[in-house]
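Q: This structure is in structure tokens; I'll ask about it shortly.
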Amino acid sequence: MAEEEGPPVELRQRKKPKSSEKESAKEEKINDIPIPERAPKHVLFQRFAKIFIGCLAAVTSGMMYALYLSAYHERKFWFSNRQELEREITFQGDSAIYYSYYKDMLKAPSFERGVYELTHNNKTVSLKTINAVQQMSLYPELIASVLYQATGSNEIIEPVYFYIGIVFGLQGIYVTALFVTSWLMSGTWLAGMLTVAWFIINRVDTTRIEYSIPLRENWALPYFACQVAALTGYLKSNLNTYGERFCYLLMSASTYTFMMMWEYSHYLLFLQAISLFLLDIFSLEQSDKVYEVYKIYIFSLFLGYLLQFENPALLVSPLLSLVAALMLAKCLQLNVKKGSFVAKIIKVINFYLVCTLTITLNIIMKMFVPHKENGHMLKFLEVKFGLNMTNLKYVWIPYVCMLAAFGVCSPELWMTLFKWLQLRTVHPILLALILSMVVPTIIGLSLWKEFFPRLMTELMELQEFYDPDTVELMTWIKRQAPVAAVFAGSPQLMGAIKLCTGWMVTSLPLYNDDDLLKRNENNYQIYSKRSAEDIYKILTSYKANYLIVEDAICNEVGTMRGCRVNDLLDIANGHMVCEEGDKLTYSKYRFCHEVKINYSPYVNYFTRVYWNRSYFVYKINTVISFQS
């Protein structure tokens, strides 16, 4: 029995020292690890003060900019002293269309009914039923109308003030997001202050909010700025878990909202995805985080596709093709040692693979997904993003301001410069820290001295938006024209008529639909050298009852010959040809001139019923009587 019990006793005795050796080894290992010392209280206080002052400056900058826009708008239009009709006239072109649908939503008996009427709209454009929510990206108006009624604001504030107040508030968020992004990049909130200063000084190139408040980009670009700020924070390597999670959630929400607010947002995100891909190729960012951003793109695209009435433009978007190609390339990527020759070759192959797959997938999607191929879209985007201009670039200039501030305020960039110059006389780190604070301070003080008085002068200067002729025209339409009347004229004027009167029109100032583009071109023929019979046939094909001729377009005096509306129409119609010596020859008669003279055959088709200094209104005759 003793011999049988021996072995287990020996085993137990052998295990005990083994475990004790392991424990002692672990204790030694733990003792070898240096215990991080707590930061002194004064260091923690400095960090807290820095973050608190920076956050306070960011929020204050946004609020002050929003208040500045509100005050400037009031001074420019005397908005509070205007009647409702005069206020609505300040919305020009496509802005008038967007605001008119906001009014329609507020007049609807319920939110559901209002949405149904917008998605099955046959009261705006003659002989055409449109889904206005999808075609014009009216999600901002839907949200604004819900907020206005749900918050009880209808008892406190007028609808127009609530609407423009939201847009001005978003511009404040825009500035705050740019501030935060510059702060994250440079490590100092001085860069944020400099970014805001340059943004406001160059606001002619950074925003179009002063000229047209309801534009889609004024609603969308603040969310894109928030997305960029969240993306910048998310890609930082020293971010803790909670901060990373917050940035990820903010980036997801802002990416999707940006995509819903602006129909061209996926093109901008496509450029952002290309930038991330290049950073990943050169190992400048963490690959895992970059691919998490790609997942956000895909999620936003498909969710947007579903909620935008299965918008095919999102499926054939280059963004979806690029992200899908990147995901496929990720699956095929091999794990090799970084920096080796093989790794560099694989990166080149990966780059070629992604480019090839992107083009191939995009072609396949366009083959199988029914969509309208708009040949004018690339040219339109070129103009929209300001790619063919040297200044009017409201998408890019804000980030140029941000990068410039980062370059001035970042100690790392100063250090890189000193290393390149091989500076030896002064300690580079100390000099970089000093210059990163002194230089932006000097720039800020100089900007304050030069431009702050100008901003104050703008706020003190009383301007006036005076357009009595348009007010008289709208008043006449509301009082004299039949409710079922259809008006024809320039698309910009038609937008104002839709907003101010609610009457049906033949065209709209929108350029993302082929049929509306054709209607706009046909309606502009009233300023061409076409015959009375031709114009009559065009207008009656759209069931128009009234024609409005604008004297400003008919007698337009342009600085460059050949660039006026009349000239462009003549060139398109073949009524203006270039001969030797670049001389231009014209046909004799222009419709908008001849119809005012009231002689045959013009009086046979059109009867003048109203006119003032700027507008001539003609009733389109249903029964034609030819005079001798």
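Placed from the backbone N, Cα and C atoms, the Cβ positions cover glycine too.
Just so you know, TrEMBL annotations are computer predictions that nobody has curated.
From TrEMBL, here are the annotated features:
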{"type": "COMPBIAS", "residues": "18-31", "note": "compositional bias 'Basic and acidic residues'"}
{"type": "REGION", "residues": "1-32", "note": "region 'Disordered'"}
{"type": "TRANSMEM", "residues": "51-72", "note": "transmembrane segment"}
{"type": "TRANSMEM", "residues": "160-177", "note": "transmembrane segment"}
{"type": "TRANSMEM", "residues": "183-201", "note": "transmembrane segment"}
{"type": "TRANSMEM", "residues": "268-284", "note": "transmembrane segment"}
{"type": "TRANSMEM", "residues": "315-336", "note": "transmembrane segment"}
{"type": "TRANSMEM", "residues": "348-369", "note": "transmembrane segment"}
{"type": "TRANSMEM", "residues": "396-417", "note": "transmembrane segment"}
{"type": "TRANSMEM", "residues": "429-448", "note": "transmembrane segment"}
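What's the neighbourhood like for these features in this structure?
A: Same-chain neighbours of the transmembrane segment (268-284): 224, 231, 255, 258-259, 290, 293-294, 297, 317-319, 322-323, 326, 338, 347, 350-351, 354, 385, 395, counting only residues six or more beyond its ends whose CB sits under 8 Å from a CB of the stretch.
Beyond the ends of the transmembrane segment (348-369), by six or more residues, the same chain brings 277, 281, 312, 315-316, 318, 320-322, 324-326, 328-329, 332-333 to within a C-beta distance below 8 angstroms of the stretch.
Proximity of distant same-chain residues to the transmembrane segment (396-417), defined by a Cβ-Cβ separation under 8 Å and at least 6 residues beyond the stretch ends, is recorded for 174, 178, 181-182, 185-188, 190-192, 194-195, 198-199, 202, 205-207, 225, 228, 385-386, 428-429, 431-433, 435-437, 439-440, 443.
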Q: Can you name the far-off residues of the same chain, 6+ from the ends of the transmembrane segment (429-448), with a Cβ under 8 Å from a Cβ of it?
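A: Non-local partners: 186, 188, 190-191, 193-194, 197-198, 201, 405, 408-412, 414-415, 418, 423.
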Q: Of the listed stretches (51-72, 183-201, 315-336), which one yields the highest count of Cβ-Cβ distances below 8 Å with the transmembrane segment (160-177)?
A: 51-72
Q: List, by number or range, the same-chain residues at least 6 past the transmembrane segment (51-72) whose CB is under 8 A from its CB atoms?
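A: For the transmembrane segment (51-72), the nonlocal Cβ contacts are 164-165, 168-169, 171-176, 179-180, 183, 189, 192-193, 196, 200, 209-210, 455, 458-459.
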Q: Using a Cβ cut-off of under 8 Å, list the residues of the same chain at least 6 residues beyond the transmembrane segment (315-336) that approach it.
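A: Same-chain contacts beyond the ends: 266-267, 269-270, 273-274, 277, 291, 294, 297-298, 301, 305, 342-343, 346, 350, 353-355, 357-359, 361-362, 365-366, 369, 371.
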